[in-house]
Amino acid sequence: MSGLGQTASQSQFIASHGNRTISNGPNVPLIDNIDAEQIIVPERKSWKNLFAYIGPGFLVSIAYIDPGNFETDLQAGAQYKYELLWIILVASCAALIIQSLAAKLGVVTGKHLAEHCRAEYPKVPNFILWILAELAVVACDIPEVIGTAFALNMLFRIPVWCGVLITGLSTLMLLLLQQYGVRKLEFLIAFLVFTMASCFFVELGYAKPNSSEVLKGLFVPQLKGNGATGLAISLLGAMVMPHNLFLHSALVLSRKIPRSIHGIKEAYRFYTIESALALFVAFLINVSVISVSGAVCSSDNLSPEDQRNCEDLDLNKASFLLRNVLGKWSSKLFAFALLASGQSSTITGTYAGQYVMQGFLDLRITPWIRNMLTRSLAIVPSLIVALIGGSSAAGKLIIIASMILSFELPFALVPLLKFTSSKTKMGSYSNSIIACWFMRLQSFIWSFGKIASLPNHCGLMKLNLDRVATILALRLAIQSMLCLVRTLQACNSPKQDQH
């Protein structure tokens with residue numbers, strides 16, 4: 001009976017590559033460019049298998065502690081102390097649910113999210129989704145460009161606009177890392193995550209934030225003061241990024257799992273545990289950054305210079321937060337951590353862009369060319385802003401990029417929810433009805449909240465603009481978004497109907 005069950009499960013899960021349909025046999029790869037380093041998971045009932053699955057979650061978690069997160073965390077702590085910590089908690093819980101769905105889609109079907117979109121949707125919606133996904137990758141790359149430029153400024157006193165240009169050379173570092181294989185890259189990323197965490201954990205001990213205020217900020221939702229709503233939305237956008245859904249659903253295919261019922265269940269369970277561990281570390285880092293920023297900037301012993309830094313805090317001024325731990329070397333080590341964050345984020349962004357292009361267009365290009373294209377699109381606005389407005393304006397561009405990411409999340413979340421709820425694609429692993437409605441409600445609230453916060457956070461209402469025109473523009477944006485979302489929910493491909 002077990003042999004029959006295993007055979008049936010093997011025939012159910014199919015991987016598609018272009019016009020070819022390939023069953024997941026023992027020697028057949030799932031995704032090009034990964035399978036040369038594909039890790040074979042033995043079919044055994046043991047917790048030791050967990051170590052074989054550790055890796056993709058930490059690669060994905062880099063997006064939760066990239067320079068964009070540091071920027072929004074620092075501003076949240078400096079302006080509102082611990083009041084916005086609950087946003088980090090909510091976003092982390094939502095991220096775990098969303099990322100686990102992305103992992104489940106890849107594990108069960110053997111295809112990642114972008115490939116499913118190409119197979120499911122007609123050409124026009126598929127093209128729009130591809131454009132939005134590429135825009136999300138570029139918006140994710142902007143904080144990495146600016147963060148790396150800030151790091152170079154702190155390390156070598158290079159002007160920010162020159163640092164923006166130099167960041168294009170990070171492609172060479174990416175190519176150097178890729179030649180050592182996926183597994184070693186995963187260990188390097190995990191090492192960088194824990195290195196960045198250690199700095200802020202130690203500083204957290206020196207800053208000694210009020211524990212009761214921190215707990216209140218974590219579990220009592222509040223939005224007080226002008227700009228709190230916009231900054232809260234930016235925190236959400238920096239935490240949950242749409243390109244991560246495409247990336248995670250593809251990275252799980254770097255493991256060749258047993259295609260039995262037990263093997264698939266075990267893979268999904270261990271990927272969820274691994275994601276929870278990685279996101280928990282990212283959650284602690286974000287909480288530490290906000291708590292340190294809030295504790296230091298609310299201190300009564302600040303020098304006049306540090307008070308000015310807290311009033312307009314960005315990545316280029318934040319090294320003084322680590323002064324208690326690192327002394328005169330604070331700016332150097334903070335710059336090194338920021339540089340590591342930006343470059344590790346570049347790796348995940350390049351992988352995501354490669355899978356997006358391959359999945360939506362069935363087009364594969366050399367990774368360094370892909371990286372240079374994405375980086376060039378991110379460098380142009382960053383360079384213009386850095387030249388005109390300096391480091392302060394560049395820091396604000398990071399906030400805008402985070403808001404763009406939060407606006408685009410539903411266009412990745414809705415297809416993910418649709419596919420993981422499909423009995424045809426997922427079989428017995430499809431989402432429950434309660435989970436479907438919960439995720440739909442979350443997607444709608446997320447979408448409406450992001451658009452509604454744009455005028456307040458970007459200062460549109462403070463300018464002498466026609467408010468009626470602003471409201472009409474927002475209404476049109478909301479209607480366009482909901483129209484596309486309904487289209488994504490309703491579309492069915494002829495291939496699926498035949499099944």
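For all residues, glycine too, the Cβ spot is worked out from N, Cα and C.
Just so you know, TrEMBL annotations are computer predictions that nobody has curated.
What TrEMBL says about this one:
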TRANSMEM  50-65  transmembrane segment
TRANSMEM  85-107  transmembrane segment
TRANSMEM  127-152  transmembrane segment
TRANSMEM  158-177  transmembrane segment
TRANSMEM  189-207  transmembrane segment
TRANSMEM  227-254  transmembrane segment
TRANSMEM  275-296  transmembrane segment
TRANSMEM  333-352  transmembrane segment
TRANSMEM  373-391  transmembrane segment
TRANSMEM  397-417  transmembrane segment
Residue list, the transmembrane segment (85-107) vs rest of chain: Cβ under 8 Å, 6 or more residues beyond ends.
56-57, 60, 64, 73, 76, 113, 116, 214, 217-222, 232, 235-236, 239-240, 244-246, 248-253, 257, 264, 267-268, 271-272, 275-276, 279-280, 282-283, 286-287, 290-291, 413, 416-417, 419-420, 425-426, 429, 431, 439, 442
Contacting positions for the transmembrane segment (373-391) when only residues 6+ beyond its ends and CB under 8 Å are counted
137-138, 141-142, 144-146, 149-150, 153, 160-161, 164-165, 167-168, 170-171, 314, 316, 346, 349-350, 353, 397
Quick one: find which recorded stretch in 50-65, 227-254, 275-296 has the most Cβ pairs under 8 Å with the transmembrane segment (189-207).
275-296
Sequence-distant contacts of the transmembrane segment (50-65), meaning Cβ under 8 Å and at least 6 residues beyond its ends, amount to 39, 41-42, 92, 95, 99, 103, 140, 182-183, 185-187, 189-190, 192-193, 196, 239, 241, 243-244, 247-248, 251-252, 254-255, 267, 270-271, 273-279, 281-283, 285-286, 341, 344-345, 347-348, 351
